[in-house]
């Protein structure tokens, strides 16, 4: 068995090389996830009633064929909707803070340090996004106006994006916790 040399921190050179190569993919994963969170929070299409009527976290929109524009009105406020709005905004805020802290730690943290706070913020972003998605999944009748037949609608791409962000946020949180600063 070949013996592996270790540095002063007790890490093999192989571990340092792997951590150096993980830095770029983790950063890209974080930015892609953050962009997806922004889109799912701010864009239309959490629920599609018809091709000309959609609902998101903030508005109910109708497509006016005469002017070829979307006419939007505020959604009916419910406690579930307000909870969802707050959780999605918190998710974006936590992920943004996580990225800013990560960038700061890259330049200020000592060699061999771990990105615990970055990972913790990213995990909070994942859990708040998860909670918002669960609320919409199980309480969409109350959120979308309980008098309408939900079988005439379907989930929109923003809802799907929000669900896709959950595992991406949690995976990046775990990766940040295990990532060591190389240099």
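Glycine too: its Cβ is placed from the backbone N, Cα and C atoms.
Remote same-chain residues near the transmembrane segment (20-39) are listed as 88, 91-92, 95-96, 98-99, 102, 122, 125, 129, 158, 161-162, 164-165, 168-169, 171-172, 175-176, 179, 182 (criterion: CB distance under 8 Å, separation of at least six residues from the stretch ends). TrEMBL lists 20-39 (among others) with the feature transmembrane segment.
With a threshold of 8 Å between CB atoms, the same-chain residues lying at least 6 positions outside the transmembrane segment (86-107) that come near it are 27, 30-31, 33-34, 37-38, 40-41, 57, 113, 115, 117-119, 121-122, 124-126, 128-129, 131-132, 135, 162, 165, 169, 176, 181. The transmembrane segment annotation in TrEMBL covers 86-107 (among others).
Summarising the annotation, TrEMBL assigns transmembrane segment to 113-136 (among others).
The transmembrane segment annotation in TrEMBL covers 157-179 (among others).
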